[in-house]
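**Q** Below are the features I grabbed from TrEMBL:
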| type | residues | note |
| --- | --- | --- |
| BINDING | Cys49, Cys85, Cys119 | [4Fe-4S] cluster 1 binding site |
| BINDING | Cys193, Cys197, Cys200 | [4Fe-4S] cluster 2 binding site |
| DOMAIN | 40-156 | domain 'MTTase N-terminal' |
| DOMAIN | 179-410 | domain 'Radical SAM core' |
| DOMAIN | 412-484 | domain 'TRAM' |
| REGION | 1-40 | region 'Disordered' |
Amino acid sequence: MTATPETETAGLETLAPLAPRPAEGADAPLAPRPADDPTRTYEVRTYGCQMNVHDSERLSGMLEDAGYAAAPEGATADVIVFNTCAVRENADNRLYGTLGHVASLKRENPRMQIAVGGCLAQKDRDTITKRAPYVDVVFGTHNIGSLPALLDRARVAEESQVEILESLEVFPSTLPTKRESAFAAWVSISVGCNNTCTFCIVPSLRGKEKDRRPGEILAEIEALVADGVVEVTLLGQNVNSYGVEFGDRFAFGKLLRACGEIEGLERVRFTSPHPAAFSDDVIEAMAETPNVMPQLHMPLQSGSDRVLKAMRRSYRKERFLGIIDRVRAAMPDAAITTDIIVGFPGETEEDFLETMDVVRKARFSSAFTFQYSPRPGTPAAEMDEQLPKAVVQDRYDRLVALVNEIAWAENRALVGKRLELLVADTDAGRGGKKDGATHRLTGRARDNRLVHFRPGDAEIRPGDLVTVELTQAAPHHLVSDAVPIDVRRTRAGEAWRARHEAPTPVGVGLGMPSVGVPAPLPVADGPGCAC
Ligand code: SF4
């Protein structure tokens with residue numbers, strides 16, 4: 001079972017834009033659409049981590065490739081796709097509640113189809129069409145490329161289609177993608193996980209780690225840069241174990257260095273690395289590659305060696321702190337963020353105090369904190385000594401207070417300093433909206449801190465780079481109310497302008513829910529799968 005993101009204590013933000021080509025291996029549509037059939041519209045609703053956010057970009061891309069158009073904001077789509085997450089508590093009950101509401105819309109619109117994919121679909125399979133028989137398509141994490149064909153098949157056969165594969169057939173990055181941001185993109189380098197953390201359902205739903213070849217990854221990044229992208233976030237369940245499948249344990253560091261050679265690529269981030277696999281060559285690559293940002297999101301989960309062992313996490317407190325020390329020695333300005341689970345079965349007050357000790361020593365700039373709750377199908381759910389809710393809540397409250405206190409102190413220490421910001425995309429759901437009262441815009445610093453700033457008289461577009469002096473600090477963001485010191489108009493700003501000045505195709509909107517990792521991307525509703 002996985003921990004539940006009860007609260008996001010820090011302002012990390014993940015992004016998720018979107019987009020496209022028919023899936024290799026996917027069946028051809030069964031029936032051509034009649035000439036008089038107006039364009040069918042779609043909406044993708046995304047739950048969970050960055051993986052799902054990026055998968056939703058591919059789902060949108062494939063649907064558009066198949067002739068669907070994004071439903072205008074506020075309109076009911078002809079096809080509603082739920083890209084689900086199995087990590088959150090009561091994820092299934094929440095899904096069925098939402099499906100019940102959508103079913104009533106379907107009764108009014110016989111053209112409507114409902115599809116359910118993602119981790120919960122992979123886990124529950126035919127249960128979904130038993131509990132919600134009006135669902136037209138159920139697909140899993142390994143065959144998202146089949147969605148358009150399954151929708152066609154369900155329409156022609158007039159019955160639900162359930163297709164769940166046990167392993168990946170096509171690496172999903174070969175599928176069409178519709179990016180949500182004009183200038184920031186997710187790039188999958190691996191999928192799946194070879195670990196067996198006892199609280200986590202992910203390995204059984206996403207399978208063993210599969211790595212893309214470096215040449216394919218770099219070609220994708222070069223194509224993205226040619227399209228105006230200036231920031232990429234390398235994505236993997238255990239991003240730094242990249243290479244395990246083809247036997248090169250230095251592959252991740254080499255990949256970071258290779259990203260440094262790509263002209264026009266301004267910012268490289270990655271999520272999430274596993275402490276057990278974090279090697280010094282990666283720290284060196286980060287420090288020596290100018291476009292790799294001074295930022296590290298590395299899940300701690302617990303500061304107690306005893307609890308880490310019960311979680312089957314193969315590093316210990318001292319190793320974790322040692323990595324942080326070496327990262328700070330190599331990159332003194334690096335912002336380090338984490339994920340922490342409170343109340344794992346058998347956690348004692350002493351164990352919890354060990355976690356608090358690591359938080360004090362590590363001085364995280366933010367942390368996603370989770371209250372443990374059992375998830376069916378994971379070893380931890382069967383463990384004795386599940387803790388009372390009141391105990392978990394009390395520890396959680398103390399942890400959040402400490403995390404916030406430290407984050408705020410770290411932010412206050414930055415007041416008066418100058419930071420370079422990549423201006424956020426106001427339409428990509430990344431928190432870049434102009435505040436109506438203060439007229440501030442939002443951007444992300446190189447270390448991924450969120451900064452609200454006044455643009456002054458300058459014309460500043462999302463994607464442009466501004467340098468500001470910080471005037472205020474809050475626990476989860478910084479403020480600059482001074483006139484920007486420098487504004488650099490960028491290719492990314494041009495890409496944003498081109499996208500926004502382009503005629504909007506009928507029915508196409510860019511409205512997708514977003515959540516967060518690094519700045520420019522769309523946001524997911526948590527930091528990931530608690531890796
Ligand atoms: S928590 Fe992360 S590392 Fe652990 S099993 Fe789950 S996906 Fe793998």
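Placement of Cβ uses the backbone N, Cα and C atoms for every residue, glycine included.
Worth saying up front: this structure is predicted, and the values here are computed from it rather than measured.
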**Q** Taking just the CA atoms, what is the gap between Cys85 ([4Fe-4S] cluster 1 binding site) and Cys193 ([4Fe-4S] cluster 2 binding site) in Å?
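**A** So the Cα of Cys193 ([4Fe-4S] cluster 2 binding site) lies 16 Å away from that of Cys85 ([4Fe-4S] cluster 1 binding site).
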**Q** Going by DSSP assignments with H, G and I as helix and E and B as strand, what are the residue counts for the domain 'MTTase N-terminal' (40-156)?
**A** 58 helix, 23 strand, 36 coil
**Q** Could you list, ordered by sequence, which of these binding-site residues: Cys49, Cys85, Cys119, Cys193, Cys197, have a Cβ under 6 Å from ligand 1?
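**A** Going through Cys49, Cys85, Cys119, Cys193, Cys197 in sequence order, those close to ligand 1 turn out to be Cys193, Cys197.
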**Q** Fill in the CA-CA distance, Cys49 ([4Fe-4S] cluster 1 binding site) to Cys197 ([4Fe-4S] cluster 2 binding site), as an integer in Å.
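**A** Answer for this pair: 17 Å between alpha carbons.
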**Q** DSSP says what for the domain 'TRAM' (412-484): how many helix, strand, coil residues?
**A** 1 helix, 25 strand, 47 coil
**Q** Test of understanding: give the count of other CB atoms lying within 10 angstroms of the CB of Cys200 ([4Fe-4S] cluster 2 binding site).
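**A** There are 27 of them.
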**Q** Count the other Cβ atoms sitting within 10 Å of the Cβ of Cys85 ([4Fe-4S] cluster 1 binding site), across every protein chain shown.
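**A** Taking all protein chains shown, Cys85 ([4Fe-4S] cluster 1 binding site) has 26 Cβ neighbours within 10 Å.
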**Q** Here the binding-site residues are Cys49, Cys197; which one has the lowest number of other Cβ atoms no more than 10 Å from its Cβ?
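**A** Per-residue Cβ counts within 10 Å for the binding-site residues Cys49, Cys197 bottom out at Cys197.
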**Q** In this predicted model, what is the average pLDDT of the domain 'TRAM' (412-484)?
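**A** Average per-residue pLDDT within the domain 'TRAM' (412-484): 87.
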